[in-house]
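K.L.:
Just dropping this structure here.
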Amino acid sequence: ASGMWRVCLGLLAYGLTLTAVAGARQRGNNFQRSLDDFTIVGLFHPEQKQQEFAFSSAVEAVNMDTQVIPFINLVPKIEYFSHFDSFNTSKRVCTLLEEGVGAIFGPQSVGTTGIVQSICDNMEVPHIDLRWDISNKPAGCVINLYPDSKLLAIALISVIRDMDWKSYTVLYEDYDSLIRLQEVFKDHEGLNHGEGFPPFTVRQLPVDDDDYRPLLKEIRTAGESHIVLDCPTDKIMTILTQANEVKLMGEYLSIIITSLDAHTIDFGEFRYDKTNITALRLIDPNSPTVLATLHDWQYEAHRKHQPFNLTATDLQIESLLTFDAVRLFALALHKHGGNLEPVPLDCHSGRTWEHGFSIINFMKNMEYEGVSGPMSFSEESGHRMFFRLEIIELAAEGFKKIGTWDPEHGINYTRTVGQMYSDIVQSITNKLFIVSSKIGRPYLEYTDNHQEKEGNARYEGYSMDLIDAIAKELGFKYQFELVKDNQYGVLSKTTKQWNGLIRELREKRADLAICDLTITYDRRSAVDFTMPFMTLGISILYKKNEKQDVDLFSFLSPLAFNVWITMATAYLGISLLLYILSRITPSEWKNPHPCRESPEFLENTLTMNNLIWHNCGSLMQQGSDIAPQAVSTRIVAGMWWFFTLIMISSYTANLAAFITQQKMDNTIDSAEDLVNQNKVKYGVMEDGSSYNFFMESNDSLYQKIWSSMQSATPSVITKSNDEGTDRVRKAKNRGYAFF
């Protein structure tokens, strides 16, 4: 009985076990059925292995994260497409839709993406685009995770403006590159060259030839030192290498690379070349998010026994956008909820998927922080309207982040002023600078016995003192070289070439130029200037009025010599006339002794001596005891007095004017003073800044000055400032003024 009882208990236990197992299996089957399979398709080109791996890894990561889509199992399907076979692309996409597809990712070819997008719009199947797209048409059932093309152009424009380039050259490869840059060109058209945006030249890279050297030589010959390079990432190193071969690379060249995958390139020796290479990137390869994603990919490859040799700097932007796109799509599915099983669709039936547009709208309304940074989308176009770019510069250790850009805040530099100063000082320490200048006192002149000396010892002056003090402060070396044509720098209107110091700088034969070089608009458009060590306008150099020795007979100067002769003649004539009349008229004969009624003789007081004294007294405005008595002599005397009144008044007035003129210095205080006189010639140094100012001025006054200088004979134009100074000193009667 006990044995039978044990058997019954055993059978009961076994039955309970079978029931439990069956129940567990039933519950497992129910759970499996709750995970609905949801097929998504990735369209790739054969060479896009990294993007394909990112797509598969993203699907695996989403399926393992039950918090994202707990009841949906994404099933990835990968298809390979040709770049330009649009007919076969349309057929294969329709075949995929007939199998039941919930979303299509890609492709990235311009020739096939339009076909795929059109079919998805008609079928209302979500299409996730991952490429650069310039179209502004209203979006259908599509969303694009690639940064908006116009915003990328604005970022590029911001960087160019911030660098304060005087001019630059755009190198592009094909039509797509030109379209990518058209927003830059449009922005330039709306601005004045001197105020908003610098002038630029557009040059196309050879399409069917990998030899870029002839084009790069032309750029070097033109003296261009700023380049915007828009080309495929795999051609960047080829172009830079050939630029180095034609001696274009170096510390004076600045390049902006537009490719967002520039961080994936090994620049090798160019890291130490001191060429200023700047780029923009959407991801930071060293960020924790990117490194964690890379670790997950490595684990996935190891689990599948696939080789994996990618590093953080190898990650392409399209791969990470693919990864973000899958996760963003999964989040939209989770938010949508409900039964989302894809249905087979026939491209010719007109039937659509009812959930397609709602899923796309969920994606557009989401603000998501992915591996490629924060993102938000336009509801109208489906374009990515928010993203954050990093501004990077190539250094010895690789690319170095110097700032960020986003559509809301623009450029925000993360490098401090102190760090920038430290980098600059470090780069020029112990470096030899060639300093170009020209002889001109007091800025630079020869020392005594300079023929027996070498190098900098041959020169002295303010320019030497200035650069010597700066060199001691920053720790660099310098060597002075005189400009060969002894010119400051003028832009030829015919050849469009500079001469003088400006040409030395533009052709990289000199690093610096120090002298009395005036900052003008044309020169500032060609080279960079420091703060001026002297600020002034155009001055007039004119000889001071020399003091003349006092002349003993200067009192005679108010009247002309013939006037004095006439007065002396009149003086003697009147005296003689009065003498004769006094002898003829009886009224002038007087009794010398009035007490005697019958004098023995009569006396005439108007002798010649007395008359001369009388006339002299009246001439000096003084009286005398001698007076004419007869009517005739009184009439003549009155006429003489009237004559002397007029002459003395005239002499007094002329004497006052003469004395005033002697005291006044005949100075010239303005350009108007020069134009309004014809005694003093005036000139300027040939091809100097003042020369060009008068030549190009539209002001009527300055045009008169220029016309006068051009027509003057002999020429008033000098070859140097020293020649002009000497000419002012040696001019007779202060007859030359120098601008």
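Every residue gets a Cβ built from N, Cα and C, even glycine.
Annotations per TrEMBL:
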type     : residues : note
DOMAIN   : 432-736  : domain 'Ionotropic glutamate receptor C-terminal'
DOMAIN   : 442-507  : domain 'Ionotropic glutamate receptor L-glutamate and glycine-binding'
SIGNAL   : 1-23     : signal peptide
SITE     : ILE668   : site 'Crucial to convey clamshell closure to channel opening'
TRANSMEM : 554-581  : transmembrane segment
TRANSMEM : 639-659  : transmembrane segment
K.L.:
Cβ under 8 Å to the transmembrane segment (639-659), counting only same-chain residues 6 or more beyond its ends: which ones?
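P.N.:
Here the qualifying positions are 555, 557-559, 567, 570, 574, 615, 618-619, 621.
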K.L.:
Within its own chain, what residues at least 6 apart in sequence put their Cβ under 8 Å from the Cβ of ILE668 (site 'Crucial to convey clamshell closure to channel opening'), listed in sequence order?
P.N.:
ILE540, TYR542, LEU674, GLN677, VAL680, ALA737
K.L.:
Counting by DSSP secondary structure, give me helix, strand and coil numbers for the domain 'Ionotropic glutamate receptor L-glutamate and glycine-binding' (442-507).
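P.N.:
For that range the per-state counts are 27 helix, 13 strand, 26 coil.
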K.L.:
Take every residue in the domain 'Ionotropic glutamate receptor C-terminal' (432-736), average their pLDDT values, and give the whole-number result.
P.N.:
87
